[in-house]
Amino acid sequence: KRGVVVSRSNGARGENGGAALRSGAGELEQCGVGTLSPPTMCDQLQQKIICPGLVSCLTASPNGLYILAGIAESIYLWEVSSGNLLAILNRHYQDLTCLCFTDDSSHFLSGAKDCLALVWNLYSVLQVESTQIPDPRHVWSRHTLPITDLCCGFGGPLARAATASLDQTVKLWEISSGELLLSVLFDVGITAVTLDPAEYHLFCGGMDGSVFQVELCAWPVQRDRNFQTERENGKTFKGHRNQVTCLSVSTDGSLLLSGSHDETVRLWEIQSKQCLRTVTHKGPVTNAFIVLAPANMLHPDSKPNVPLPKFSKHLHGTESSDAQGGEGVTLRLGLHQQGSGESYLERAERLYSQMCSTREKNLMGDQEQLKIQVTDLEEEVRTLRKINKNLFEFSARFLTKSAK
């Protein structure tokens, strides 16, 4: 009733249970939903997508309309319904490590080895032409070592976001203003972070295999806090023997799921810090999370009603993508005019000026009168240039004589 654990292979990030990732080969695979048992391969392989490089992180928007993938230093944005590649964002200087959407799909966050976390407005990214590079809404540069994980709370653009880093800190931010709300320093590097649904607690996975529980409503309120394991009794989950790679909290806030490089996934009861179940895999666990169980999950013949289209390798609107001859209609929100980056007010002002100039032309008469006026204006420009030249020469002579 609380949900189903869906296992993922190397580096997958997503909100829905129908996608998986094989980053070592630079391929994306659309799969069916797994169960708590460790699957050998994807249950239902629907499509394999060859990517331009190794995929280090992957996520899907909660509304199911878009997919983000981190490939080297670039962020690739696809539209699920059409398979069109809508944008390639190049604002990081090192490889991407994590991606996530806000719960309303209006914004997404990216973290990389360059110690930067960027907040992107999806609307702004979609309305910018492929030849232009959109600017992120916020650039968070308070970390001093690579960012390993990030997560968003509830509230859309008003939500809070947490970033984890190898610099042994976890920082809590406000997306709307971009301000830093809290910074927690640990004894080890942090490799995973998540919030509970009520956002009362922050769960942080460490390099040593420990999972730390941080109270966000602790008194007194401090922006900078130190989490010392020996002093924080009853706030550490111990059981993993290697670094924690992923964390997820159940919808009712009672269970915590953790994956580790020790090849195990553990299910914890948060209140007692007891491990309820351990699942062993045949290799390091790179990602796992809890999602609500689909109604037809246990049906043996269940398949996606609408299979995914082929994902494009080229930006939508370029010659390479147009040559593919894809069918269908694509809606791009916020794109006011193809081939122009002007806003609505700029476009209205330009049209108004064109209308006024057309009216003036009609009042001035035929084409011959326009030619006469142009000739007169050119003659006036030549006269003004001559006067300006004479004034300059006179001033130069006057100044040189005064100096002598």
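Counting begins at 1 with the first residue displayed.
Even glycines carry a Cβ here, placed using N, Cα and C.
Here TrEMBL gives region 'Disordered' for one range in the set 1-21, 22-42, 295-315: that range is 1-21. Per TrEMBL, the stretch carrying the note coiled coil among 248-275, 360-387 is 360-387. Taken through DSSP, the repeat 'WD' (162-183) splits into 0 helix, 14 strand, 8 coil.
Secondary structure of the repeat 'WD' (89-130), assigned with DSSP and counted as helix (H, G, I), strand (E, B) and coil, comes to 6 helix, 18 strand, 18 coil. For the repeat 'WD' (237-278), the DSSP counts in helix, strand and coil order read 0 helix, 24 strand, 18 coil.
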